[in-house]
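**Q** Below is a structure I'd like to ask you about.
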Amino acid sequence: MAALPLATAEVCDANPHLIMNGELRALQPIFQIYGRRQVFAGPIVTLKVYEDNVLIREFLEEKGHGRVLVVDGGGSMRCAILGGNPVQQAQNNGWAGIVVNGCIRDVDEINGCDIGVRALNSHPMKANKKGMGEKHVPVTIAGTRICDGEWLYADTDGILVSRTELTV
């Protein structure tokens, strides 16, 4: 079940105790905003890959059930690990969003999709297709450790990760 989108600034203001004890963390502001859905939230599924998009495509072919795929692409700026076709599939399969610590391509196509996408930048070169990577493992992105099953909240102010689902 997808979480109702919450304003990240309001969440921070209302939960200083969760920030202090580390249950609520803000990602460093390094991501660009793509896709038509600028505000999204949901339970996190983690994936760690490097310049390879086979596992990303496999995840996005599954039903999303309002989840957010968080991909640690190692911050690579040498190729795109996410393109328009898998994002279209993610939208059709009910994913709430995708956060990529790496690059994407097919930006115009992605910007036409009703899904939230965050990435470091765009790059025209495609990724490898070896199927290498790790699913459901803790990843560290933008100065923040993110675990499978935590909750992500994103809007135009930034991205928050919480150990539990939040309400305001």
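Glycine residues also receive a Cβ, built from the backbone N, Cα and C atoms like all the rest.
Below are the features listed in TrEMBL for this protein:
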BINDING   GLY83, GLY84, ASN85, PRO86, ARG105  substrate binding site
BINDING   ASP106  Mg(2+) binding site
**Q** Using a Cβ cut-off under 8 Å and a sequence separation of 6 or more, which residues in the same chain sit near GLY84 (substrate binding site)?
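**A** Listed in sequence order, they are ARG105, ASP106, GLU109, ILE110, CYS113.
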**Q** The record names GLY83, GLY84, ASN85, PRO86, ARG105 as the residues that bind substrate; what is their largest Cα to Cα distance in Å?
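**A** Spelled out: the longest distance between any two Cα atoms in GLY83, GLY84, ASN85, PRO86, ARG105 is 11 Å.
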**Q** Using the CB centroid of GLY83, GLY84, ASN85, PRO86, ARG105 as the substrate site centre, which other residues of the same chain sit with their CB within 8 A?
**A** ALA80, LEU82, VAL87, GLN88, ILE104, ASP106, GLU109, ILE110
**Q** Provide the number of Cβ atoms within 10 Å of the Cβ of GLY83 (substrate binding site), excluding the reference atom itself.
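**A** Step by step: centre on the Cβ of GLY83 (substrate binding site), count other Cβ atoms within 10 Å, giving 19.
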**Q** PRO86 (substrate binding site) has how many other Cβ neighbours within 10 Å of its own Cβ?
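**A** I get 24 for this one.
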**Q** Which residues does ASN85 (substrate binding site) neighbour through Cβ under 8 Å, counting only same-chain ones at least six apart?
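**A** Looking at Cβ-Cβ distances below 8 Å from ASN85 (substrate binding site), excluding near sequence neighbours, one finds ASP106.
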